[in-house]
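Single-structure report; data block below.
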Amino acid sequence: MNHDCAAASPSNAGGPARLTVLVGPTAVGKGTIVAELRRRHPDLFVSISATTRAPRSTETDGVHYHFVSPEAFDELVAQDQMLEWATVHGTHRYGTPRGPVEAQLASGRPALLEIDLDGARQVRRSMPQAQMVFVAPPSWEELVARLEGRGTEDSRERERRLATARVELDAAAEFDHIITNDTVARATDELESLMGLTG
Ligand SMILES: Nc1nc2c(ncn2[C@@H]2O[C@H](COP(=O)(O)OP(=O)(O)O)[C@@H](O)[C@H]2O)c(=O)[nH]1
Ligand SMILES: Nc1ncnc2c1ncn2[C@@H]1O[C@H](COP(=O)(O)OP(=O)(O)O)[C@@H](O)[C@H]1O
């Protein structure tokens, strides 16, 4: 585990880390940080996951996720079109379409995945050169406040997500780097640096 932003980590062996995998508990601010990173780097490739969950009012199909039916998701898995996939929070399935990520990496340009712990472990096995980054909250209380403040889940779903969050926080030590999302600007600076997007 490495808390600093050193350019040379084991995950960089063989060249600059091109694939970065971002994991963190619900409502820690992953989406917010990725949005800020994209604002700074409009051309950055961020994988668009497929999911069987319904879109939130703020989400657009093909932009935030590919919203697909369970049958369509089955088909993608059967055709080996998923780089990884997992059932998250015990309910819906989420997965990374393989083709766009492989094409991006083949072109030598960086790629970012924002996925759950189970999916990240799959990627670490299949692509050990990937750089694994964990986003942590400043405190448990702040995480709960952000989840409630977002207001997108009912209390039952929030409880489910917080149960998953405890498991994810316990796994933070598995990651190459931990970014604490205290302020969006500072956390984004750190991710930008880890991805080699500065300067
Ligand atoms: N394994 C996997 N997890 C994903 C993927 N896309 C999103 N997730 C994870 O699914 C979880 C739920 O995402 P979402 O429903 O958007 O809720 P939120 O994290 O609370 O905003 C998060 O931990 C995401 O990182 C994916 O392609 N694969
Ligand atoms: N550094 C931060 N300080 C305060 N609130 C934050 C911060 N980062 C994100 N948030 C807020 O927390 C909530 C959850 O953020 P979101 O990006 O949806 O999390 P995630 O994608 O990890 O589930 C949102 O309401 C967002 O505006």
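Every residue, even glycine, has its Cβ placed from backbone N, Cα and C.
DSSP gives PRO25 (ATP binding site) a coil state; it is part of no helix or strand. Listed in sequence order, PRO137, LEU143, ARG161, THR164, ALA165, GLU168, LEU169 are the same-chain residues at least 6 apart in sequence whose CB falls under 8 Å from the CB of PRO25 (ATP binding site). Marked as ATP binding site by TrEMBL: GLY24, PRO25, THR26, ALA27, VAL28, GLY29, LYS30, GLY31.
In the predicted structure, the domain 'Guanylate kinase-like' (17-196) carries a mean pLDDT of 95. The domain 'Guanylate kinase-like' annotation in TrEMBL covers 17-196.
Within its own chain, VAL28 (ATP binding site) has VAL135, ALA136, PRO137, LEU143, ARG146, ASN181 as residues 6 or more apart in sequence whose C-beta sits under 8 angstroms from its own. Listed in sequence order, the binding-site residues among GLY24, PRO25, THR26, GLY29 whose CB lies under 6 angstroms from an atom of ligand 1 come out as THR26.
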